[in-house]
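See below for the structure under consideration.
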Amino acid sequence: MKVLVINCGSSSLKYQLIDMTTEDALAEGLVERIGINGSILTQKVKGREKYIVEQPLKDHQDAIELVLKSLIDENHGVIKSMDEISAVGHRVVHGGEKYSKSVLVNDEVMKNIEACIKLAPLHNPPNIIGIKACEELMPNTPMVCVFDTAFHQTMPEKAYMYPLPYEYYTEDHIRKYGFHGTSHKYVANKVAEVMKKDASELKTVTCHLGNGVSITAVDGGKSIDTTMGFTPLAGTIMGSRCGDIDPAIVTYLIKEKGYSADEVNDILNKKSGILGVSGVGTDFRDIRSAMGENNKRAILATDIFGYQIKKQIGAYAAAMGGLDTIVFTAGIGEHAPEVRIRALTGLEFIGVELDEEKNNSHDIGEGLLISKESSKVKVYVIPTNEELMIAKETLALV
C-alpha cells in the first residue's frame with residue numbers, strides 16, 4: 001500500500017509518497033509560492049536528479065493537481081496511476097479538545113476543524129483547503145486527518161488548565177493544547193524500539209528542537225505535559241519566538257511603548273527568541289559561526305537555550321517521578337551538540353552521564369546513544385519522521 005502525506009502551509013505544500021510495505025519514501029517534494037508569482041515544485045526521488053517545475057499555481061488545488069501529475073509523470077514519477085495511492089494523510093495543526101487520535105475525514109470532522117480556526121488562524125485554513133482540494137481530485141480515495149494536538153490530549157487537567165477565571169476555559173476553550181504531537185509520539189515510540197522495550201514501560205522526555213521548540217513528558221507512552229501551550233508561542237526560547245515570559249511585559253509594551261496588540265504579537269513571535277537575543281538570526285548554523293567568532297550575544301542565546309531545556313527536563317523528571325530516557329530530535333536537536341551539552345551538563349544528579357565524544361558524532365543513523373554505558377538515564381539523538389508517523393496513523397484507519 002502507498003500513502004500520500006500532505007502538509008499544507010499558507011502558500012506552500014510539502015508531500016511524501018510512502019510505500020508502507022518498506023516504510024520508504026518513494027518521492028518527496030515541496031511546492032512553494034502558491035497563489036504568488038514564481039510558483040515552483042521541487043520533487044526528489046532517491047538516485048535521481050531533482051525534478052523542478054515552474055508554473056503559475058493560483059491555489060492549493062492547482063498545487064495538488066501538479067503534485068499528482070509529478071508523481072505519475074512518465075519520466076520523473078514513481079507510480080503509473082493515481083489508483084496506486086491507497087489513502088491520503090493530512091497534517092492538521094489543531095484538533096482542539098475533540099480529537100485525541102487521527103480520524104477519517106467526513107463532514108462533521110471538517111466542521112470541527114473549521115471551528116478550531118480561531119485557535120490556529122494561520123494553520124488550520126490551509127489544512128482545510130488541502131483536504132478539500134484532495135477530495136475534489138481524488139473523490140474515491142480515503143482521507144485521514146492527523147492532528148498535531150492529538151497526542152497531548154492525554155494530559156491531566158492539572159497540567160493543561162491555566163489559572164485564569166474558569167469561564168475562559170468553558171466559554172473560550174483557553175487551555176494548554178501542545179503541538180508537535182506527531183513528532184513527540186514518533187520519537188517516544190522509536191526510542192522504545194531502539195531500547196528493545198515497550199513504550200508503556202518508559203518515562204521519557206522528548207525534546208523537539210527546531211525553529212519551533214517543544215519538550216514533552218511521555219509517561220508510559222502517553223503525553224502528560226508539554227511546554228507549548230494555548231499557542232506555539234509558549235515554552236522555551238525558540239528561533240524567533242520568546243517562549244515563556246512574564247505576561248505583564250505584554251501590557252507594559254502596549255502602555256509604555258505605544259505598540260498595538262498586533263505589533264506586540266509580531267515582536268513576540270517573529271523578533272524574539274534566539275534571533276532577538278543574539279541579533280544574528282534564527283538559523284543555528286549562523287549562531288554557531290557567530291559563537292566561533294566569540295559573539296557574546298550568540299553565546300548568551302545558546303546558554304539561555306540550553307539552560308531552559310535543562311530546567312524543563314528536571315521539571316518533567318519530577319512530574320513523572322523518575323526518568324529513563326531523554327530524546328533529542330528535529331533540526332537543532334539532531335545537529336547541535338553545543339545545545340545538547342548545555343542542556344545535559346548538571347543533570348548528573350538524576351543519572352545523566354554524557355559521552356562527549358558520542359555527543360559530537362554526526363553519524364546519527366536511526367538513533368544515536370550519546371550517554372555513557374554506565375548512565376542510569378539513557379540519552380538518544382533520534383531523527384524525527386512526522387511523515388511516516390502520519391502515514392502509519394492513516395494506514396491504521398483504512
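Numbering starts at 1 and runs along the chain as displayed.
Just so you know, glycine gets a Cβ as well, placed from its N, Cα and C.
According to Swiss-Prot, the features are:
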BINDING   Asn7, Glu386  Mg(2+) binding site
BINDING   Lys14, His208, Leu209, Gly210, Asn211, Gly212, Asp283, Phe284, Arg285, Gly331, Ile332, Gly333, Glu334, His335  ATP binding site
BINDING   Arg91  substrate binding site
ACT_SITE  Asp148  active site, proton donor/acceptor
SITE      His180  site 'Transition state stabilizer'
SITE      Arg241  site 'Transition state stabilizer'
Checklist entry - Should Asp148 (active site, proton donor/acceptor) be counted as helix, strand, or coil on the basis of DSSP? => result coil
Item to check | For ATP, whose listed binding residues are Lys14, His208, Leu209, Gly210, Asn211, Gly212, Asp283, Phe284, Arg285, Gly331, Ile332, Gly333, Glu334, His335, the greatest C-alpha pairwise distance in Å | outcome: 23
Checklist entry - Looking only at Cβ atoms, how many others are within 10 Å of the one on Leu209 (ATP binding site)? => result 26
Checklist entry - Ranked by the number of other Cβ atoms within 10 Å of their own Cβ, which of the recorded positions Lys14, His180 ranks first? => result His180
Checklist entry - Per 10 Å Cβ neighbour count, which of the recorded positions Arg91, Arg241, Arg285 ranks highest? => result Arg241
Next on the checklist: Return the residues near Asp148 (active site, proton donor/acceptor) by Cβ distance under 8 Å, restricted to its own chain and a separation of at least 6 in sequence.
Outcome noted: Arg91, Val92, Val93, His94, Gly95, Phe179, His180, Gly181, Thr182
Checklist entry - Nearest to Asp283 (ATP binding site) in three-dimensional space, by Cα, is which of the recorded positions Asn7, Arg241, Glu386? => result Arg241
Next on the checklist: Tell me the Cα distance separating Asn7 (Mg(2+) binding site) from Ile332 (ATP binding site), rounded to the nearest angstrom.
Outcome noted: 21
Checklist entry - If H, G and I count as helix, E and B as strand, and all else as coil, what does DSSP give for Lys14 (ATP binding site)? => result strand
Item to check | Whole-number Å value for how far Asn211 (ATP binding site) lies from Asn7 (Mg(2+) binding site) (Cα to Cα) | outcome: 17
Next on the checklist: Through the lens of DSSP with three states only, how would you label Asn211 (ATP binding site)?
Outcome noted: coil
